[in-house]
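Participant: Below you'll find the structure I mean.
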Amino acid sequence: METPSKAPESSLMSCNEPSSCTSEQDVKSQELAKQGERLLSQLYQPLEACNNPCYCKKCCYHCQLCFLKKGLGICYERKGRRRRTPKKAKAHSSSASDKSISTRTGNSQTEKKQTKTPETALETARGLGQ
């Protein structure tokens, strides 16, 4: 009867050995997961400003920001855009929009026509004479 009692003990030992292996694997996988998280956190951190004004090859490849900005010419800074006029200013300009377009621009167009007519008359006279 001693042999059957030894068999379960050996089966328990064989079960314990793989569990220790799996626990080691779990620890390794957790460490790898932590390393992966650290790498991702470093990847998503904003790039630090590099104030080196030089555009030589060495300085262009100095860091990732320099490469993007100087080497590739990519700049992610916000460009200055037109600001919309405030609503109060629009209310004042609406009184000017009540007038028709012809009355607003009519005077300026007639002045331009008057100044151009003598010049065009001289040019046509010269063109005919030659």
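Backbone N, Cα and C define each Cβ position, glycine as well.
Pasting the feature list from Swiss-Prot:
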COMPBIAS  80-91  compositional bias 'Basic residues'
COMPBIAS  92-102  compositional bias 'Low complexity'
MOD_RES   THR85  phosphothreonine
MOD_RES   SER94  phosphoserine
REGION    1-28  region 'Disordered'
REGION    50-66  region 'Cysteine-rich'
REGION    67-77  region 'Core'
REGION    80-130  region 'Disordered'
MOTIF     78-90  motif 'Nuclear localization signal, and RNA-binding (TAR)'
Participant: Which bits of the chain, at least 6 residues beyond where the region 'Cysteine-rich' (50-66) starts or stops, bring a Cβ under 8 A of a Cβ in it?
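Facilitator: Distal contacts: none.
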Participant: Please spell out the DSSP helix, strand and coil residue counts for the region 'Core' (67-77).
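Facilitator: DSSP composition of the region 'Core' (67-77): 5 helix, 0 strand, 6 coil.
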Participant: For the region 'Cysteine-rich' (50-66), give the DSSP counts of helix residues, strand residues and coil residues.
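Facilitator: Helix, strand, coil within the region 'Cysteine-rich' (50-66): 7 helix, 0 strand, 10 coil.
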Participant: Check the residue listed as 'phosphothreonine' against DSSP and tell me helix, strand or coil, would you?
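Facilitator: The three-state answer is coil.
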